[in-house]
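S.K.: Encoded as structure tokens, here's the structure I'll be asking about.
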Number of protein chains: 2
Amino acid sequence: MSVTTPAGFVAGGVHCGLKSNGNPDLALVVNQGPHFDSASVFTANRCKANPVLWSEQVVKDGTVKAVVLNSGGANCYTGAEGFQTTHEVAERVASNLGIGAIDVVVCSTGLIGLRNDRPTLLAGVDAVHAALKADGGDDAAHAIMTTDSVSKQVVVDRGGWSIGGMAKGAGMLAPQLATMLVVITTDAIVPAAELDAALRASTRVSFDRLDSDGCMSTNDTVTVMASGASGITPSVEDFTAALTEVCSSLAMQLLADAEGADHEIAITAVNAATEDDAVAVGRSVARSNLFKAAVFGNDPNWGRVLASIGTTDAAFDPADLDVAMNGVWVCRNSGPGEDPATIDLKPRKVTVTIDLKSGSCEATVWTNDLTHAYVHENSAYSS
Amino acid sequence: MSVTTPAGFVAGGVHCGLKSNGNPDLALVVNQGPHFDSASVFTANRCKANPVLWSEQVVKDGTVKAVVLNSGGANCYTGAEGFQTTHEVAERVASNLGIGAIDVVVCSTGLIGLRNDRPTLLAGVDAVHAALKADGGDDAAHAIMTTDSVSKQVVVDRGGWSIGGMAKGAGMLAPQLATMLVVITTDAIVPAAELDAALRASTRVSFDRLDSDGCMSTNDTVTVMASGASGITPSVEDFTAALTEVCSSLAMQLLADAEGADHEIAITAVNAATEDDAVAVGRSVARSNLFKAAVFGNDPNWGRVLASIGTTDAAFDPADLDVAMNGVWVCRNSGPGEDPATIDLKPRKVTVTIDLKSGSCEATVWTNDLTHAYVHENSAYSS
């Protein structure tokens, strides 16, 4: 049940010393081939961390042979020296594996604005290389955790070929990539161009629609590597469907572990003129602090939903919107509908359905509530 | 020191019964002329409350003779019956004053999605008419309060003519109009077209740059009435400057009383290519829950400032940004600068300065921190 479940991969996770609490803080996932196809997506934030600046170059040729990931420091806003640290880490990983550094993706997560200690990291790279093993995926998944309370892993097995994935992320989950590091492995044969198309299709409906707190990170990276070790070439449709399953599972695991959240909220806009409209409407509600605080208070405040929808330029008639919470249509034709008192918002999972009555498209955006614990964790944790 | 300080106005405030706690809940401000020029701006939210839908029609001809405002119910998302209530309130105010309903602006604030009791409101209209007096501005200012802890009022006296203003607002403060009701009076002679230009110039740099919690309301209204009773016609420049002073003072009073806030944060982007860029950058930081939670925790987290700036399309070099907090340049060239430990964020007022190094424009956006009290008030208060 990890990134080493698909054939052709080894992985490891160790404590190298970046984290003061002694927890694992360095992970390595290596593709042993015979194929080395890959695809990646990165944060849309213009202020990118050094590992992202490096890895954006690495992935351009569609070949990635290893991903090295450290927690305990994001190496972000650390200038040229920080970039050099990233580069040296890639060089050391490559040298240990007998490959080129330009095939090594580097990911970092943790505090931003602080430099990672380079000798500590480089010694760790040797240690994690020594720790590589055929069932090392679980170790790797644990070594990338920061404020995560659990590791996030998934495997989708198609009989003959499979996809494995691991993710970290518990805060700064936002659009155009929820903040996170994700490594996905598959033993299917998938050429890089197809892998890229499948990855973009999958992230578009999963990670990109996760908007826990509206804050976009600086280090987000999703890399998928295809070893071809199964010898099987699935159809584009089958592979994309399986990859979407993997991404959706990891996205829901991120949602469930968001910092300080009491509720997981699925906001679905239906009968939209376009899918983009549906996403825009869902995201506007997911971004409303007032709505999110109301859900925390178990208050089915549909007025705050309408006030959020009204900030978008989606196609709808402001006087003719319907809104349901947990299936109860509390708002009909932009006015009071069924009695909100019948809604029980105490369970963790909440659904909001918005009928835009303007077409036949729909989309779901996921978010969390705004809680005392969110404020506490993010005022106390200097990231 | 109220809307009745300028000559030509009477006002009143009473308790009519919309608020269960017995506090004043109905206000009326009447222009007695000889001029009846006016200008107004409203929420940019497409889901507007009934009083806004009514008042948008009223203000079109540049003539407003009275503004009636109730707290204790926003009359928003209440359908045709709610619109009829607004209309009847305007009719009753007009009938009592011997004017046309089409010269009466109606404003409402309080819970959304609930109907106001029409007989209660109409009886209140008669009561507040009977309570009109030459120094009734203070009563009016108190009658529009909801979760406000203090009334917001200001007078700018230019010797011979003056401008008075009152505002309510303590939550849902967001762009393209901080959520609020504002009535401004002046005894200067200002034709409606000039008044409109002056009001738009003034709100653009005051209310429009207040972004307490990113949530745009449904009832925002700012109306200015000019009685001409002073007999003085100030220059456009002088009048606009005075009106900007009034709007800025009221905006800062709103900021200071924002629900649950511990800090007032002024975010200034300097050396921007355009003023729009500077506003976009300031607003992106003002919208970052992570940054706002950090300020609540007295944590000078400049990394979260850069991560917010990176989400904009303003002109800047991501590798060459400087950020100061309370005057200490903690970030230089997008890397660590002076020691953040020297910054004391315990005082209520915080400044953030962002040097974009891309031009010569600047702008300031104001916001509050994200606190436990904000979450509490907005999860408990069903608005």
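Cβ atoms here come from the backbone N, Cα and C positions, even for glycine.
TrEMBL entries are annotated by machine, without manual review.
The following feature annotations were taken from TrEMBL:
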- A:T179: active site, nucleophile (ACT_SITE)
- A:T146, A:K168, A:T179, A:E259, A:N378, A:S383: substrate binding site (BINDING)
S.K.: Quick one: of the binding-site residues A:K168, A:E259, A:N378, which have a CB under 8 A from chain B's CB atoms?
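M.R.: Listed in sequence order, the binding-site residues near chain B are A:N378.
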S.K.: So how many other Cβ atoms are close to A:T146 (substrate binding site), meaning within 10 Å of its Cβ?
M.R.: 21
S.K.: How many other Cβ atoms are found within 10 Å of the Cβ atom of A:E259 (substrate binding site), counting all protein chains shown?
M.R.: 24
S.K.: Based on DSSP, name the secondary structure state of A:T146 (substrate binding site): helix, strand or coil.
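M.R.: Its secondary structure by DSSP: coil.
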S.K.: Would you mind listing, in sequence order, the residues at least six apart from A:K168 (substrate binding site) in the same chain with a Cβ closer than 8 Å to its Cβ?
M.R.: A:S71, A:T109, A:A141, A:I144, A:M145, A:T146, A:D148, A:S151, A:K152, A:M180, A:L181
